[in-house]
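Notes follow the structure.
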């Protein structure tokens, strides 16, 4: 028996284990504990297979982009679902099917833009939905119906602008609704929510956060401060309803339907239950009143009609009516056919005069509404509604049972309703339990049960009190609460959470006291105190008003000058900053008081706000109008000049200028501010930034550049708005494309638009008279290089053009904007289609000669030369987000994705934003005398001047300097082990944050002279190298010239760094790109040419220099000192973007630099152009689809209006191809030419960047003939048009120039790398082609002692007469010349553009000059020896004679003094040492000579014990080792 019992126990255990095997199944990459499955950062792209008993599922921080239908099938026990911080963009209908037990769902921090209407259906237990930080722009009707337990709905920081009417009205248990952070229009959708909240007696227990963005009168107003008077909403109601009608065939009939409602309802008509299609029935028309007019009725018009009126508040249906058309067979009282009977029965109302319908068929009861479980607050002040309604025949009876006992009649706490529902009044502890509703008739019964649960919410003990506070006075709000557990207290002001302690607002005593030290106007509003614990929350409110204390009134809106035409009505606005009792408003016209009560009322009218209306103006009504505000403490006034003109004097659009400008400024600034908020707002409660956001941040224009671009956008938008107003106001019939803005606006008003927008605030002409500076150094912003044209090559100026652009409207509209427009008889192909067909490649062939450093130097150089400012907003002027729309709406310029794209299937486009235009180009050129095409802004200086190291504006450059000492250094950041100085981190106020994944890294962005420094780690390493090189040079110059101040050291080091970059570019890098033939085209340097404009050409920046994309490897190799991979391995290109931490923590700059100089670049072949890392994976985590660099290059050329490939071939004296076979000489691949023909149709249609990269490379170069020509043209200008080019005589002395020509990037790596000991002599050529690697000591560098300044008092010796780096004061401290003064005498520009004539060459006198210098030094040395001997004699005599004798000896004539015997020493090296001379033969020994005897003392070093892992170091010029400081 015992054995049998043991066997049974063993069998039970086995069964238990067998049952548990299935339940403990855990997906790969996840952790499972009991019934919780956590798959955090498991790199999932879909929902894995899960155990069916899972209750909590955590899928955070994965890559799930879409949820299909039934994604969680079989998980009926799941209660909590975490899907936040994924990449969710789409939820298919039914994605959450089967989750009947779900209580909490987290969908926040994703990319959702819409939700299926039934996504949350059949979830009766759902308590909380978290949807914040998505892109949801619309909520479908009924989305939140049938969620009886939902108490928290969090949707802040989305894109909502409208709320559905009654969208939240069925959430009877809702306690918290957050909609803040959405630009919501407080219209009727908000009204329905407000009305439901206002009528709820428990509204004190419901927290709703919402701030109005529109209409303007409600802007920034919180939800709780809204009132009934703020809304204009009413449901539709019939004034005249339709009636039955009878008409003869061919006659006209009108079915009346007049409706009222706010907003005005839309009318539709139904015919036989189908919506009436008026476009298909020309004889039918809906009149403005809403009535239906049928002009010529026939038998097909017979049937049942119904009028439907809809607005935001709901829909209203009329009773169905019948129309009978008499053709002889259809009298009104004849029986209707079966189909009409059915239609009539469907409409649900008996028809007057029609055959009576049969009684309804008997049916058992079925529910139309049934009760749902609810959680009720204990001691709440409201009621609870349990719905119960049923239909059937006979009509069912409704009965209620509470905890099994029938409720026969209403009680003080339970109220039975006539419709069958039950209301719980003042719920208490006895109200908890089970409530059953039963519907019964003679054919059966049905029942439904609901559970009422009670929770004790926090109880407010002390509530804040509403107060009226005087301006500047302190006040305190107290709010204390009790509960179990003890609640916490939060505060809100006007619906916005208070951030905590600020300088003028303090939260004290665990947030129970809110203290404001000095009340200001922004402190006025509704304060909400919320006490919350795990059971829920309770809120109370108090209103604080801030009164102005005994001060004169202030004007919030002042009148402005205006021009009006005769016969119109003008409005002059005038409004106080706040209403107050006793405020008097008066107007005067040319000093005469205007009183509408005394003068003609039909002439003048003063509104309640204070505005003056002057009606039917005439010429005498012109003049100065003054508005005056007066109270008991003083007055305020403002005036405006009104000019009245006859109608013939004005252009049609003049009257709309200020209105259109105000609209434009608001639209542009809103788009810019939204973009700024998206890019730079505090991310403490948001997901870390993704690649695309970082790209936008680092390319986003700085303040000065942003203002320049903003002015152009406002100008352009103003003109568009003026045209809109003229069209609407004057009903002009002129076609849009025929508009000329000169016809719409007078010249005076064109200038007014320019002035308002800021386009007239052109850059002031720079002051170039400080030749002590400009003759030696570059300005930071590039001005004053060419003294005849000071802005040539300067930052924030327009690009230069080689050929006129081909904008579609002639001056601004990009190529391809108008769909279907033909070029050379063919449409422009999609840039994406061109990329996938001709450019992208997965295959990579290594180059046989050049290193990957060629690519990296090219990118670094490009960031010194050009940066086309992107649009200052990523939203269109009409509020469309370019990332989420495929609409062509400025500045959005998306790339169309063709059908059957190999990768992009879920989007129609790839988002691209246009480059900003400079004022005076495109549409903004209209206020000049001639229309100029749109031109883009170059944010950088055009010169090769190391602006990517130092910045492009004076303010930016100052931020990068270390101004704490006079050493001329650039700022450095924190120190990392075994690495030299790193770049400084970006300041918090810069809004830059590179921490994409806080588990992966917490490092901030670095900052340098170009804002794109963090784009990829190779570029970041290059910036770090040159920052270190500047500081190395500045420190060495400080040792050589200790009397130089910090500015001189900074400018001299900057000048040397810029010269090194010029030499490396022109002598070592460029020959490998353009080949020997290209260098012959460049020619030898013949000196500076002041007539040559060095500004960057648009074609160079947009097309030619982008050849470098074709030589990029998909991998960045990282090698150690032995040129083997580092332990962290190589780096895939797409992982190198915005990852500064990899530079600091994965080996520093050395491994990347070794990889660049040791690994070959990618070889460009006809079928291998751009690797797919750039066309298919670029910033794939940042956009709805990953970007495509090739497609963007093509689209950018079209945005800039680039002419076709053939235009530039002609410009470069290449053959102009008539067909694609004519290109065989440059594009040898017949397959490539055939694909080009299929895509473009004609060579004229080919995009210039594409044509350029597809050409075969010239011999010895990396570009084809076209790009060779364009590169030569630009680099020649950069060399010959630069007055401070390093080879221009006078820029450096001959000796210094010799040193600059020894500059070598390999030597720079040796000097400032962390641990470089061997490099190649030319880092751009593979080691095997130059004899392998060399030791660093074998690489020649620059000898900085040739910069030693030996002269004093501004009179240096002859050796430095050709170069005088004298110290100078800061430019900001110098007196600046007023350009308006004519009496200033300034040297002519020609004298400064030539080599400095006052400096002469003394090469022939070099030897004699040196001999004279040595002779003068010898004389000075003899004098010093003589004085020293006298001092020795005096000291020696003092040792043996009395002091008196010493005095006497000193007073005796020199010829009577006897000379003592000379004392000296000879050291171990044979050097003669004077008596008492002290010297150090080495760093540890000090010796002295005393009376012929050498005495030496050697320093002894003690034992050094360092922490584990730290080795003792002996610094230079030190004797003993010590432990280095570890940070």
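Glycine is no exception: its Cβ is also placed from the backbone N, Cα and C atoms.
Pulled from Swiss-Prot:
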| type | residues | note |
| --- | --- | --- |
| DOMAIN | 24-53 | domain 'LRRNT' |
| REPEAT | 124-146 | repeat 'LRR 4' |
| REPEAT | 147-170 | repeat 'LRR 5' |
| DISULFID | 257-307 | disulfide bond |
| DOMAIN | 365-453 | domain 'Ig-like C2-type 2' |
| DISULFID | 388-437 | disulfide bond |
| DISULFID | 479-529 | disulfide bond |
| DISULFID | 574-627 | disulfide bond |
| DISULFID | 768-784 | disulfide bond |
| ACT_SITE | 863 | active site, proton acceptor |
| DISULFID | 882-892 | disulfide bond |
| DISULFID | 886-909 | disulfide bond |
| DISULFID | 994-1005 | disulfide bond |
| DISULFID | 1212-1269 | disulfide bond |
| DISULFID | 1310-1336 | disulfide bond |
| COILED | 1403-1441 | coiled coil |
Shortest C-alpha distance to residue 388 (disulfide bond) - which of the recorded positions 627, 863, 886, 909, 1269: 886
In the chain carrying residue 1269 (disulfide bond), residues 6 or more apart in sequence that have Cβ under 8 angstroms from it: 1081, 1208, 1211, 1212, 1213, 1214
Local Cβ density at residue 479 (disulfide bond) - other Cβ atoms counted within 10 Å: 24
Residue 882 (disulfide bond) as reference: those disulfide-bonded residues from 479, 768, 1310 with C-alpha within 10 Å of it: none
Least buried by Cβ count (within 10 Å) of the disulfide-bonded residues 574, 882, 892, 1005, 1310: 1310
Residue 886 (disulfide bond) and residue 257 (disulfide bond), Cα-Cα, nearest whole angstrom: 40
Rounded inter-Cα distance in Å - residue 437 (disulfide bond), residue 574 (disulfide bond): 63
Average model confidence [pLDDT] within the coiled coil (1403-1441): 56
Nearest of the disulfide-bonded residues (479, 574, 784, 1005, 1310) to residue 307 (disulfide bond), judged by Cα-Cα distance: 574
Most Cβ neighbours inside 10 Å, all chains, among the disulfide-bonded residues 529, 768, 1336: 529
Tally of DSSP helical, extended and coil residues in the repeat 'LRR 4' (124-146): 0 helix, 3 strand, 20 coil
Candidate nearest residue 909 (disulfide bond) in space, where candidates are the recorded positions 479, 529, 863 and distance is Cα-Cα: 863
Least surrounded among the disulfide-bonded residues, given as 388, 784, 1212, when other CB atoms within 10 Å are counted: 1212
Secondary-structure category, per DSSP, in which residue 627 (disulfide bond) falls: strand
Surrounding CB atoms that lie within 10 Å of the CB of residue 886 (disulfide bond), all protein chains: 17
Nearest-integer angstrom distance between the alpha carbons (Cα) of residue 768 (disulfide bond) and residue 892 (disulfide bond): 40
Around the Cβ of residue 307 (disulfide bond), the count of other Cβ atoms that are within 10 Å: 27
Residue 627 (disulfide bond) versus residue 886 (disulfide bond) - Cα distance in angstrom: 49
Of 257, 627, 909 (the disulfide-bonded residues), the residue whose Cβ has the fewest other Cβ atoms within 10 Å: 909
Secondary-structure category, per DSSP, in which residue 307 (disulfide bond) falls: strand
Distance, residue 863 (active site, proton acceptor) to residue 1310 (disulfide bond) (CA atoms, angstrom): 24
Composition by DSSP (helix, strand, coil) of residues within the repeat 'LRR 5' (147-170): 0 helix, 3 strand, 21 coil
